[in-house]
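Q: I have a structure here, written as structure tokens, and I will follow up with some questions on it.
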Amino acid sequence: MARCCKCPRLHLAVTVLACVLVFTEGVNLNDLLDRASQLSDKMHSLSTSLTNDLDSHFSSVGGKLMRPSMCHTSSLQIPNDKDQALSVPEGELLSLVRSLLMAWSDPLALLSSEATSLPHPERNSINTKTRELQDHTNSLGAGLERLGRKMGSSPESLSSLPFNSNDLGQDNISRLVNFHFLLSCFRRDSHKIDSFLKVLRCDAAKMLPEMC
């Protein structure tokens, strides 16, 4: 663990969490799921905070265009609620979580690059939070990979969800609308990821379904 203390101090909170996840090969399943749930909770909270920042200036336009069926992850067949998630085998549910998270690697990179020059009065805050969100997602992805090995989840079971856009538009309105829409899709998916990880944590702890 000593090497992690020498990590750069940029995004300190994220770095500490990442270091914790790196050295987890000998940690039991319950602890791994606890740590993954903590990361997913922070990730969802941060995406909610980012959405609120955008809405402070742009809710009237951005809100009208949010159609979940237009999100690039909408084709992934996932449980609609907790009861459905509880009926899915653990390995399959973890594969769904990993597939959903992996699908956001390129979109989050695009959001991070666009945030630096986004025409919004809260640009500095949005830029900082977007980079933190990307760091959280990368850390969670590393943790889920270790969870997959622990639970015997095969990489072949992961679904590929391509993202085919490399910009958010040329004019300011288009950039704001598309940034808002993409972030809204991520917020929706981050809630699912967080919920499914909590279901997995409940299963591992042998908790009663009504307590999950």
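Note that Cβ sites are derived from N, Cα and C of the backbone, with glycine treated the same way.
Since the structure is predicted, the reported quantities are computational estimates derived from the model, not experimental observations.
Residues annotated as signal peptide in Swiss-Prot: 1-26. Marked as disulfide bond by Swiss-Prot: Cys71-Cys185, Cys202-Cys212.
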Q: Count the other Cβ atoms sitting within 10 Å of the Cβ of Cys185 (disulfide bond), across every protein chain shown.
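A: Counting Cβ neighbours of Cys185 (disulfide bond) within 10 Å gives 22.
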Q: What does DSSP say about Cys71 (disulfide bond): helix, strand or coil?
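A: The three-state answer is coil.
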